[in-house]
Amino acid sequence: MTKKKTEKEKGINNGYITQVIGPVIDAVFSSGILPKIYNALEVQSKEGPIICEVQQLLGDNRVRAIAMSATDGLQRGVTVIDTQAPIAVPVGKATLGRIFNVLGQPVDNLSDSVGEDTLPIHRSAPAFTDLETKPAIFETGIKVVDLLAPYRRGGKIGLFGGAGVGKTVLIMELINNIAKAHGGVSVFGGVGERTREGNDLYMEMKESGVINETNLLESKVALVYGQMNEPPGARMRVGLTALTMAEYFRDINKQDVLLFIDNIFRFVQAGSEVSALLGRMPSAVGYQPTLGTEMGALQERITSTTQGSITSIQAVYVPADDLTDPAPATTFAHLDATTVLSRGLAAKGIYPAVDPLDSTSTMLQPLIVGDEHYKTAQLVKETLQRYKELQDIIAILGIDELSEEDRLVVDRARKIERFLSQPFFVAEVFTGSPGKYVDLENTIKGFNMILGGELDDLPEQAFYLVGDINEAISKAKTFKN
């Protein structure tokens with residue numbers, strides 16, 4: 001008994017492995033000093049230490065843990081050390097411009113120094129008394145988003161779009177704009193996506209200046225990756241690692257933070273794998289019975305407090321395009337807005353290719369955004385919807401067969417469609433056009449002028465890839481000359 005106490009005082013609590021099934025490890029510890037749920041266990045292997053997280057206490061002094069890296073080469077009898085704390089990751093300014101894994105270890109072949117500050121990845125959501133309850137618009141400077149599907153400060157946005165329609169460029173522009181307009185930073189969590197995509201994103205961020213190679217502390221983003229080739233434990237926890245880094249910027253640095261999760265479906269998928277490995281009975285469509293709890297634990301920590309905010313943009317993969325699948329259906333319950341990217345618009349060369357009719361937001365209410373913004377947004381949608389209805393007639397009979405009123409609608413809709421495009425700062429290197437940040441007031445003013453018929457005599461090309469309406473008017477003059 002005395003020996004146990006001494007070991008506990010020294011902080012030593014060793015056990016040994018009794019079973020290894022893939023990424024799941026069972027270990028036996030001395031009676032009375034079992035590791036707590038979510039404690040990190042360290043197992044020595046030939047490849048270096050393997051960190052596991054305690055998930056279940058099985059009785060008979062046995063615990064079941066899930067490994068955060070490959071368990072190749074482990075065998076029964078190997079010593080397991082209880083670290084007596086959950087996984088903790090580095091936080092603060094030193095994380096900017098760096099790439100981390102789920103354990104907060106740098107994986108970008110730069111220096112291992114990432115500052116002294118660390119926080120555990122398992123934390124409580126902010127207390128209700130600390131929350132900012134008044135809904136506020138989070139201005140992005142992107143016309144189509146701010147007008148038709150505005151983001152809530154501290155809200156959660158679902159980003160839907162296939163390959164090659166501009167998700168990455170939109171994400172990088174948002175990272176750039178929050179840094180310039182809000183003095184905020186971003187954290188990108190790559191959850192269970194392709195390693196190639198993670199590498200491409202990193203290279204593009206360096207190219208566009210979002211990551212400053214010469215002075216990393218001037219970078220605007222920290223990257224956390226747990227890619228497809230990682231064990232399910234890492235993919236399930238990497239979202240929490242990214243969120244913990246974001247929480248520090250919000251709570252300690254009192255900044256506005258953008259948290260990107262790509263892809264939230266992979267978080268659910270990893271949880272499903274872990275659940276099966278832990279022997280839980282599957283629920284609907286084979287998902288884990290704890291799906292709602294796991295999703296809630298992550299999403300409830302993403303919020304606005306009186307100190308700062310975390311606004312989260314989550315890429316959502318919809319399996320087999322089935323919106324009733326439990327994974328996307330559970331995600332939708334937490335979202336404040338959806339941004340849908342359209343392949344049709346991308347094919348027309350209209351970037352950002354945000355679908356103005358499919359994208360939605362709970363913020364688009366007169367009481368929140370004001371009457372003028374609401375009416376303008378509704379009129380823009382009505383005009384575009386009418387144009388969509390007329391497209392079949394135009395394709396068969398031609399535009400000349402339309403009534404004068406409908407021709408005017410088509411003319412204005414085409415101008416609106418082009419005016420919804422915008423040159424991005426991060427795309428300057430590809431397009432040669434300088435990026436534009438358009439504030440909400442100028443966005444509303446521009447669309448009101450088009451809808452009111454003040455610009456009916458201007459050519460539609462003048463509205464393509466411009467910032468505010470004054471730029472479109474100036475561009476039209478160059479055509480006339």
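Cβ atoms here come from the backbone N, Cα and C positions, even for glycine.
Residues or ranges marked as ATP binding site in Swiss-Prot: GLY161, GLY162, ALA163, GLY164, VAL165, GLY166, LYS167, THR168.
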> When DSSP states are folded down to helix, strand and coil, where does GLY161 (ATP binding site) land?
Replying inline: coil
> Which number gives the other C-beta atoms within 10 angstroms of the C-beta of THR168 (ATP binding site), all protein chains shown included?
Replying inline: 18
> Hey, for the ATP site built from GLY161, GLY162, ALA163, GLY164, VAL165, GLY166, LYS167, THR168, who else sits with CB inside 8 A of the CB center?
Replying inline: LEU341, ALA346, ALA353
> Looking only at Cβ atoms, how many others are within 10 Å of the one on VAL165 (ATP binding site)?
Replying inline: 23
> Which site among GLY164, GLY166 has the most other CB atoms no more than 10 Å from its CB, taking these as binding-site residues?
Replying inline: GLY166
>> My understanding is the cutoff is Cβ-Cβ under 8 Å with a sequence separation of 6 or more in the same chain; which residues meet that for GLY162 (ATP binding site)?
In response: LEU341, ARG343
> Using DSSP, would you call LYS167 (ATP binding site) helix, strand or coil?
Replying inline: helix
>> I'd like the Cβ neighbour count for GLY161 (ATP binding site), meaning other Cβ atoms within 10 Å of its Cβ, all protein chains included.
In response: 21
> Which Cβ among the binding-site residues (ALA163, LYS167) has the fewest C-beta neighbours inside 10 Å?
Replying inline: ALA163
